[in-house]
Amino acid sequence: MRGGKGSGFPVRVPRVGVAAEHADCCHKMNSLRKGAVAAQRGSAVGGCGACVVLIAKHNPKTEEVTEFTASSCLTLLYNINFCSIITTEGLGNSRDGFHAVLERMSGFHASQCGFCTPGMCMSIFTSLINADKSKRPEPPKGFSKLKVSEAEKAFSGNLCRCTGYRPIVDACKSFASDVDLEDLGLNIFWKKGDRNRDVSELPSYTLGGGVCTFPDFLKAELKSSLDHLNNPYIAASREGWYHPRSIKEYYELINSSFFSDSVKVVVGNTSSGVPGYKDQDLYSKYIDIGGILELSNILRMESGFEIGAATPISRTIEILEEECESISSPNGSVVFRKLANHMSKVATPFVRNTASIGGNIVLAQKFPFPSDIATILLGAGATVCLQAVAERRQITLEEFLEQPPIDATTLLLSIFIPHWISDSGTNTSLLFETCRAAPRPLGNAVSYVNCAFLGHASVDEQSDTLVLSNMRLAFGAYGTEHAIRAKKVEEFLTGKALTALVVLGAIKLLRETVVPMEGTSHPEYRVSAAVGFLFSFLSPLSKGIQEPGKSLGSSSADSADTDDVREAVYVDDIPSPKNCLYGEFIYNTRPLAYAKSIKFKSSLASEKLISFVSAKDIPSGGQNIGSSFTFGDEPLFGYPIAEYAGQALGIVIAETQRYADMAAKQVIIEYDSEDLSPPIITVEQAVEKSSYFDVPPELYPKEVGDVSKGMAEADHKIPSTEVKLASEYYFYMETQTALAVPDEDNTLVVYSSSQYPELAQSVIARCLGIPFSNVRVITRRVGGGFGGKAFRSFQVATAAALCVYKLRRPVRMYLNRITDMVMIGGRHPVKAHYSVGFKSDGKITALHLDLLINAGISPDASPMIPGTIISSVKKYNWGALSFDIKLCKTNNSSKSVMRAPGDTQGSLIADAVIEHVASVLSVDANSVREKNFHTYDTLQLFYPDSAGETSTYTLHSIFDRAKAGPGRVSVLNDGSIVVEVGGIEIGQGLWTKVQQMTAFALGKLWPDGGESLLERVRVLQADTLNLIQATLQACNMLFDRLKPVLDRLQQQSENVSWDTLISQAMRTGYLAKFLISTLTMELVEIDLLTGAITLIRGDLVYDCGKSLNPAVDLGQSTDYSFGLDEGNII
């Protein structure tokens, strides 16, 4: 968690001598500010919220200050000239004290790895101060005017991958004036069982936030600059940033001679974060049209209202809601209300605050962008006003979307949304509904399909049925160039009495209309969802159709209407050293090929290229190695053969990370696959080619019982049945990153976001051909790992080190999200065939498995996966268990350990078998599960090494038997305690537990038993060369461990090398085996029309033994229940 001084810092962009190439993102400005490290780089596309900051704008005429959140990774510096920015540094620090938001986040254990916490805090803080500006009644002291319902949405769009959302929600709800304090979860402010909770025991909150968001000196500067701001728009030609104040000035710019090269027209610049539409090159000139007043005008008329194209989406939502309140007709506001509701699910609040409604529509017009806004406005009958040089015209949105893509000579000026009402004179009712199906239906996800339905309904008195008229049925995002109206369906429905046969006819016509383009993912589902939404709209109105349940996919269903507070520093927060360069990988796009040549396009981005590093730059005596583990190495570069898509071919070097990322996009690679065998992509191809990795005998799992006998005893058998599990990306908040710095005497220091810095040190040294002692690897903390920062982090650290070795300058690498997901790999895909025998009562007598595991191109840690999969399968008593396992080598990125490695796959297989057996017997699956739970005798049979004692086995023994990382405890002269640990903090609360264990162990010497000792304990990360004090003790311990291994080896061979001894010891290992019992259960609701799933409730029971920190463990366990409406943890 972060902190800093108690106010914002101003952004004043110089008007002279600053090139447009420096019009970089707000994140860069924030990171350049001395001491400011809070805004993190997560997705870099505005999708995660890690870099959210508060931006404050001041209106000198009205003296009004407006605060809103924004993604600093998308916001251009020039766009926030004369604004004030607040990050969590503005909410306090460890020296001056922390703001209540930070303290409550910590006190409710709402932060673990801490990487997402700064963005969370800024979203919450902004919600508080905006709520406090409202005209609501004054809240009780210590509370904000925020409501509980608003608190639950305050950080909408901010992603967390460690903590689980319940403690974050509790921290935010603690500020709400209508909160019931008894409902809040575990925290440090009240003791367990306290019944008389009082807000005074929480960190004090001052109404209004208590922080100056726009300093007086900046207000004074802004006032003095009013004349300057009204000066002509044309800046010095070398600047490259232009800010026209009128449409006339805009066209003067466009028509001028110096606008012949690359130009980008911007308002909020959020389109640069949309996958598939991101900038592919740098721009030499920018035109910011956000300052053209006509593009921000709001014009209200009796027939509707016109909204300027540069109006932010969030402001559009506010206007729609205001219109709803101002309309007296009980049904007249339905269109505006549902439009606002649907728009609130587009992107995230901090993107909607800067994204313009016109920009969204233009993006949908120029590209096949699946815009929700374009679709729902098309359904609402919107029109647009366009300016093409001297001509201005008003056309329908449908006509606008269908015309050829516009260029900079055409401006979208405004959007008109008509006011639809019911006709009381003819007894006609207005109908309007919007729907969307998306991976996350409630927002922040691109839709699979979206639609809007509008029409009037009147009653046919003769048939007592409804008749529809003025129909508008809009569909988009299903794999189409742009949103369309289903006119044939509209014509078919118009004037007909709405019966079941008419609805059926409409659906048939719709299937002919909604046809996804070739190459669209999930085409059948998209069509099915579109049909389901139309059916859900029509069926309640038609005669003879039983009304279906609610459509969970409808975005606007509207019936009648734990870390301690500290200033955490991650690798990317470390200030860049002088002359620092930045690198980005160029990777292979073919599964198996020679990369004959690597060239770059002629472009602005290519001009920023300083150097290119490849396998040819590995020094003499070094190795082409990028990763290593017990079972083998993996090359850093695909040279001379690139063996899989995503393998590194080289590294481009530039002066900024953005330049490096852009330069990498300019690469042109010439491939040759002559004399190469076809690549092996699937496990089936691997079996055909006998392409496998060996699994050491000591790691190969052991079978149980006689499967043939068990099958003979079975009443029923299920023959070979397939179950598959695809791969899964790590999606840690902080992508792979490293900073390498040259040091004296041919040494270097590498700051790596790694879970395994010791092995990173060896890989770097081997690549460079230098002694291990010449490499110092430091890991301060990791912004999420889930296994992906173990062996897969070595590539980035080694690449940065190699660049330093060649260029003799510091080099920083921070992979963008796409590169990270393409190169790093993920969970092992598994294909299994099972045969099972069972009794009529559900008792299983035998199970045989044929497993194909896709390991990718290198062994990594894959030989361990068969054992962990089978260990997970063994959680049930199968009677007898046999298996045939093949670890397949394929031309894919290497798969590695990922949270619960093997256990996830094994659990899926085991429960798939249970569910299948239950289905065959037509009984409840839970009864079959219970029938096949282990007794202690069968537990010993399936887990002979880890069953423990029947009465004494608990999780307490884990802490006694588990292997501990290196550590040192020092008590300083003033009584403070420093604990140096080798474990890596990745969000699992390790350091918090180390602090507590230290206080517990030394608390016997403390008067109050150690309760006050905790604040004196500081935890430090041990680096790879910083364990001198513990060397002697560690060596004695290692000798005692290694001597028995040496004795065994010497019985086989008299001469045993050090490498052989260490290798065998590593294989033997000292990790104790233990079992943990866990049960999860979810209650879900499935919309059979659209496939949308709503999680109603989730329960998790797990035996954690004696928890060192229940709040941290609770947060870890609730991570499984991401997004549940309700859940219980026992």
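Glycine too: its Cβ is placed from the backbone N, Cα and C atoms.
Annotated [2Fe-2S] cluster 1 binding site per TrEMBL: CYS48, CYS51, CYS73, in sequence order. For CYS51 ([2Fe-2S] cluster 1 binding site), the Cβ neighbour count at a 10 Å cut-off comes to 29, with all displayed protein chains included.
Taken from TrEMBL, the feature [2Fe-2S] cluster 2 binding site applies to CYS113, CYS116, CYS160, CYS162.
The local packing around ASN360 (FAD binding site), expressed as other Cβ atoms within 10 Å of its Cβ over all shown chains, amounts to 27. If you look up TrEMBL, you'll see SER356, ILE357, GLY358, GLY359, ASN360, ASP372, LEU412, ARG436 marked as FAD binding site.
Sequence annotations record features per position, and here TrEMBL assigns Mo-molybdopterin binding site to GLN755, PHE786, ARG899.
Annotation comment: TrEMBL describes 234-422 as domain 'FAD-binding PCMH-type'.
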Which one is it, among the binding-site residues SER356, ILE357, ARG899, that lies nearest to CYS162 ([2Fe-2S] cluster 2 binding site) by Cα separation? ARG899
How many whole Å apart are the CA atoms of ASN360 (FAD binding site) and CYS73 ([2Fe-2S] cluster 1 binding site)? 18
Distance [Cα-Cα, Å, rounded] between LEU412 (FAD binding site) and CYS73 ([2Fe-2S] cluster 1 binding site): 26
Which of the listed binding-site residues (ARG436, ARG899) has the least company, meaning the fewest other Cβ atoms within 10 Å of its Cβ? ARG899
Compared by Cα position, which of the binding-site residues GLY358, GLY359, PHE786, ARG899 is the closest one to CYS48 ([2Fe-2S] cluster 1 binding site)? PHE786
Checking the binding-site residues CYS51, CYS73, CYS113, CYS116, ARG899, which are within 10 Å of GLY359 (FAD binding site) at the Cα level? none
Among residues SER356, ILE357, GLY358, GLY359, ASN360, ASP372, LEU412, ARG436 annotated as binding FAD, what is the maximum Cα-Cα distance? Answer in Å. 26
At a 10 Å cut-off from the C-beta of LEU412 (FAD binding site), count the other C-beta atoms across all protein chains. 23
Where the record names GLN755, PHE786, ARG899 as binding Mo-molybdopterin, the maximum Cα to Cα distance in Å: 13
Average the per-residue pLDDT over the domain 'FAD-binding PCMH-type' (234-422) and send me the rounded value. 87
Between the C-alpha atoms of ILE357 (FAD binding site) and CYS73 ([2Fe-2S] cluster 1 binding site), the distance in angstrom, to the nearest integer, is 20
